[in-house]
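K.L.:
Sending over a structure as structure tokens; questions will come in a sec.
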């Protein structure tokens, strides 16, 4: 922004970067993004039941909402990539929104790792802990951090006139983005590492607590079981690593060739797939949640078969009645 100009949330000097995508692959990505909100909405409905601790359910609900909003904003941008229709301001709004939700999805391992750490420390009484306000506050704090990081990175990347040179990239602004994202990825590494250490601690603690009261042993066992299920978060950690590698490659090499298009398209496709696979794996790996999901799916399929068979019988009955009526009418004419 020029000196002496008034600060605005969306400066006019932000440039619109041409979309990077692969033809036909973007259509597959768009399909996954359309399916994702429905899968995550169903997962949100299942989270109303006490399958997990209340605090963990709030965090998982936060993840699902982030994935829903990320998919919806990406749908708008994918359609714009195929058929440009957005002006500069709405384009920047949706791009910022989508980027902030991507940052939010790749940093979720930190939040869940902290929750599991608290569950381990308070194993004696964690089931009775209902500090909802603290969980909500942490989620809001994390959201503010992700939005701020996204806005900072977006502002540096989209600035029309950049200062040169940078130590790592072709501009100082891009250097700042590399440093900021590197700090975020380091936090992610700590979050993922926390899962392994917490799981190992709980297994060792379980053996030492065999002679303690039943409720304490039960809570430790629940922590171990939940930690195994939440290893699915490692899937998001993999996407976070790939996200970091692609961003570094594009910034450091300043590559706008077909190779960069492929890397970015794969990244967007992986985000779209993850938005579907993550809730599905959480449902499938939780025995009680999977049992409820199967029961609901089978119930709906049986109801559908019953309705179809009833309509078929009704149609057959109507045709029989019609045939009888016309035979009687024909007989009356003779």
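Glycine is no exception: its Cβ is also placed from the backbone N, Cα and C atoms.
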K.L.:
Any idea which of 100-119, 200-219 is down as transmembrane segment in TrEMBL?
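P.N.:
Checking TrEMBL against the ranges 100-119, 200-219, the transmembrane segment one is 100-119.
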K.L.:
Is the transmembrane segment (20-47) close to the transmembrane segment (177-198), in the sense of at least 3 CB pairs under 8 angstroms with a sequence gap of 6 or more?
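P.N.:
The answer is no, given that the two segments have fewer than 3 Cβ pairs within the 8 Å cut-off.
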K.L.:
Which listed stretch (59-80, 100-119, 131-154) has the most C-beta pairs under 8 A with the transmembrane segment (20-47)?
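P.N.:
Ranking 59-80, 100-119, 131-154 by Cβ pairs under 8 Å to the transmembrane segment (20-47) puts 59-80 first.
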